[in-house]
């Protein structure tokens, strides 16, 4: 035996590929999972994991505290806050997360002109937009639903009423699902406007903060001047107050509007329609955005 | 077998006609698509990938109609864009694996093909480092790798030598040649430099203003006659050896060409002789010997495609010809011409 032959490096030349080609649906699914993982920095550099992971942790800590308090305080029969209130009180964290991750989800491909490489492959514009939108919405859903799950599990451990808790948890999940779809759509549209990541971050923060600030100020003025009837209509003009309105009308939530002037079921229908229209509009805007972004 | 076929293919935008009744029939092998910027090259690629509908006419790639089978075509075709398209913060391996999956390769196959393909384009240990730190030449290789990773039957390469220095350019052209000879993948490569394609392509298609100017095999362009380049030393009897040889050869009845490299360093010392047969070589040798000069070199000089086009359209292609002539004679190109990189030679 000549052992040295085993160390030889053979140039085996070019090998053609005869295996499976899984096509569009597979490519779309791969893009979705890659984007979703990317939204938490997985599969990216260590540096890009820092912010999303910190925000995720910050998002979960209050839920753990709530559970701990509920279990520790003797005689308590329910959680100190409702499931539907959680996203409203943590909206700053959700906003920061969206502002940091929506631009990375879409503007990297625009900035580095990678988009043509996607569209020169089997996937089409609709696959790309659907995959990116779904990934961003899923990432937000993971962020907003995990604390609710912690609270739910905690409440069951504390032996609170199972029926009540399940109903509340379900309402919270529906609410954050709607919130995830709405925020992801608006965030991606803002981020896709510019290939510059910094502008994207600023645009998303502006989109969330400025309308909210304006709406709550005008609502407060309306409340103070005794025009309480206007409050429920004013809430239509900012993303988070839209979610507040929908869940107050349909999901048994307690509103954060001034004076507790929540949205009635009738006006709630308008809120719901506006939310759905914004989701559909975001999708259409993204489709239009990528019409020209091809080759 | 036809790889690309178009039939009176036209693309009109509201204000511009990008393609004007273009009919092509391209077979397997390496095909060069030449044209000035705005000649319709990129428009043609977009249509061939099924991404942009033609205004009129038809086109088929690998026998599939672009209007109805875009997705199937894109599964079997690779595309390398002209512009930068690589994210700097991921490694070549990660990026090409992702692109392989976008082409429909299962995860395991995507990884294997990526390793193979990056090795074939000449990226080794550096493939694990972020792309941001790569040289232009390495980035071009990554761009080529992502076009080849799914083992397509045809690759469309848009200006693959753009921005490369002369050495990088030669390496890229050699690589493109191998894509066909070793990998068996047909290539359509665009350039605005005829000279580059001359060395790489089996077939050259020239488009201008969206119209077909000429389509023929590279050998047709260059094999009509052979030109010899002759360089001799000076001697005491003949202080200007080149001039003496010129006179002697003219007397011997040999046809001499004016060099179109006037003004280049050393050009004055080179005689271009038309070789009509074997006898011409003997005549040159004997004449040089009779004059008592030293024969520094006698070599075959291929005609440049550019020269062939000179008769066709002097005005529009003039700029490209100049560029092409420089590109094809690296032994002549003294330093000043190295400044002339791809990006700087845009004709029209």
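Positions of Cβ are set from backbone N, Cα and C atoms, glycine also.
Annotations in TrEMBL come from automatic prediction, not curation.
It is A:199-221, from the ranges A:199-221, A:222-244, that TrEMBL records as transmembrane segment. Range annotated as transmembrane segment by TrEMBL, chosen from A:26-49, A:50-73, A:74-97: A:50-73. Pairs of Cβ atoms less than 8 Å apart link the transmembrane segment (A:50-73) most often to A:133-157, out of A:133-157, A:169-193, A:199-221, A:263-286.
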